Amino acid sequence: MTDDLRAVAWTGTALRLIDQTVLPARLEYLDVEDVDGLVAAITTLTVRGAPALGAAGAYGVAIALLQGVREGWDEATATAAIARVREARPTAVNLAGGVDRVLPHVSGGVEAVLAEADRVVAEDLAANRAIGAYGADWILARVERRPLRVLTHCNTGALATAGWGTALGIVRELHARGVLDRVYVDETRPLLQGSRLTAWELAHEGIEHYVQADGAAAGTILRGLADVAVIGADRVAANGDVANKIGSVGVALACADAGIPFVVAAPTTTLDPGTARGDDIHIEERAEEEILTVAGLRVAPAASRAHNPAFDVTPARLVSALVTEAGVTTPAGH
Ligand SMILES: CSC[C@H]1O[C@H](OP(=O)(O)O)[C@H](O)[C@@H]1O
């Protein structure tokens, strides 16, 4: 069922998004035809995940061109609208990358932009399959235990990409090879991409999984209940530092202490040679209410404030393997 899941798809006139804010309760789609709607969908995580944001950014240029024709925009207005899409979320390099990838095709008209955006999607889908194979090969060559118990954080599956998934693509590949025992799924507060989205994908495929509190991850690892941790990325700096969902660096530290591999899976479109180090990565700070409320109900005292970074940075020295469609590198020297 999730094998042909498409978080982002062009309908011919609109960008059709799976509304990830209402999963797992409902599978609903949102058709976006204007820039305001796309920016809102990105900032509310209706569409989310670095590669899926890359696709949304690429198609977002087409949306801006079509809206500009409908509304008689001049070039400056269209340029400003495209910039709003590009800057809707700062950390995942793929969003800006998707916009920048198709901009050179604007002179060819909206059909040329759409054709390039389609290539962005096709390339990401192929990349995810390659990541799954390379990642599974690397893990199976280094972790003896069978079947494997994998820990993952946030959602890196078909919902976060053009399909199949990055870290969850490796999980799918291990499952397909018959060597996966279970997956420990960090719920990933505050927006619960793990318990809502990763669990939904795994449940649909009958992959045994256990949702856990983010705070349980270190104990699960240090108690020897997991053999490997596999996570995604939103931006990989030139020195190998990895920006990913908040909580990732804690998983990496526990893996280092426990001596199990910490594997990062990402397409090369998430590598950012223009950013030297992790400290240079803009970490998105989100609304305090996401922390201070649960299901819309305030849980903290009225006087309390919240600190809500959406990402953290794992230093390269803690990354056992970085798996892309080009192969595997071992920043930590494993
Ligand atoms: C396959 S990239 C997924 C990556 O994106 C997520 O962030 P968000 O849900 O805020 O878009 C998270 O960092 C995942 O690892």
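Backbone N, Cα and C atoms are what each Cβ position is placed from, and that goes for glycine too.
All annotation found in TrEMBL is predicted automatically rather than curated by experts.
When the candidates Gln193, Gln212 are compared with the substrate site entry in TrEMBL, which names Arg48, Gly49, Ala50, Arg89, Asn244, Lys245, the shared residue is Gln193. Of all Cβ atoms in the shown protein chains, 31 besides its own fall within 10 Å of the Cβ of Gly49 (substrate binding site). Cα separation, Gly49 (substrate binding site) to Asp234 (active site, proton donor), rounded: 8 Å. Among the recorded positions Ala50, Cys154, Asn244, Lys245, the ones whose Cα is located within 10 Å of the Cα of Asp234 (active site, proton donor) are Ala50, Asn244, Lys245. Cys154 (site 'Transition state stabilizer') and Arg48 (substrate binding site) are 11 Å apart (CA-CA, integer value). For the binding site of substrate, formed by Arg48, Gly49, Ala50, Arg89, Gln193, Asn244, Lys245 according to the record, the largest Cα to Cα distance is 17 Å, rounded to a whole number.
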